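Here's what TrEMBL has on this protein:
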- R97: site 'Transition state stabilizer' (SITE)
- H126, D133, H194: Zn(2+) binding site (BINDING)
- E191: active site, proton donor/acceptor (ACT_SITE)
Amino acid sequence: MRRGVRADPVTLRTRALAATPPVETADHRPADLVDLAGLDPTIRFDIRYAGRNNFMGLKLYERPAAYLQRPAAEALGRVHRALATKGYGLLIHDAYRPWFVTWMFWEATPAESHSFVADPAKGSRHNRGCAVDLTLYDLKTGKVVEMPGRYDEMSARSYADFVGGTTAQRARRQILREAMAAEGFEVLPEEWWHFDYKDWRSYGIGTRTFTALASGR
Ligand SMILES: C[C@@H](N)C(=O)N[C@H](C)C(=O)O
Ligand SMILES: [Zn+2]
């Protein structure tokens, strides 16, 4: 969904970058973020937050990249290979997300839609490199499949158990959900496209930008 924030984007970003992530006391594994582009050449990407075609209407990432912690990335590769036997491939919209972007989402989203964005006071599982937003494409046609709702649509159509839509749309949503669950990814009840990897508690909230990740910082 393309919308656009009401706040001034430059001010919003400046405030987000100046904000402080929550302090965490638990011990975490060191981050080991893997670029998903290297996983399998047939995984496709449409990284919406690296352009303006997203619910904020803003370019939030410096480059169209997707990273996950290594065990989650390897599990996602297995999901993709399993789906190929059913005629589908994965198309990824988002994975690791720096914390300041979660702060911007929360600030710009009206309170009545806050169930569709993570509270920065807790951090998103995307910030931990353990959540992925994705859908399916048809291996024969190359086309992205229709699901019961659109990516980042803030409505009941996004609910993982929404009973509307067509039988074929619900069946494809179920194929995605089952393939992901088989490798340790749990669907978010509010969003059919969002999956949390089982070990997300083992990783801390990340603040690294995509520029820093590219240069190994
Ligand atoms: C904003 C949406 N794509 C998303 O990822 N929502 C969840 C709740 C999150 O922000 O972690
Ligand atoms: Zn998500």
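A Cβ is built for glycine as well, from the same backbone N, Cα and C atoms used for every other residue.
Shown here: features listed in TrEMBL, placed on the structure.
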residue : record                             : DSSP (3 states)
R97     : site 'Transition state stabilizer' : coil
H126    : Zn(2+) binding site                : coil
D133    : Zn(2+) binding site                : strand
E191    : active site, proton donor/acceptor : strand
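A C-beta separation below 8 Å, combined with a sequence spacing of at least six in one chain, links H194 (Zn(2+) binding site) to A131, V132, D133, V187, L188.
The two recorded residues, R97 (site 'Transition state stabilizer') and H126 (Zn(2+) binding site), have Cα atoms 5 Å apart. Proximity of the recorded positions R97, H126, D133, H194 to ligand 1, judged by a Cβ distance under 6 angstroms to any of its atoms, singles out H126, D133, H194 in sequence order. What surrounds the Zn(2+) site, by Cβ distance within 8 Å of the Cβ centroid and not counting H126, D133, H194, is the set H93, D94, A95, R97, S124, R125, A131, V132, L188, E191, W193, F195 from the same chain. Around E191 (active site, proton donor/acceptor), the C-beta neighbours below 8 angstroms that are at least 6 residues distant in the chain are F116, D133, S158, Y159, A160. Counting Cβ atoms from all protein chains shown, D133 (Zn(2+) binding site) has 22 others lying within 10 Å of its own Cβ. Annotation for H126 (Zn(2+) binding site): same-chain Cβ neighbours under 8 Å, separated by at least 6 residues, are D94, A95, Y96, R97, T102, A118, D133.
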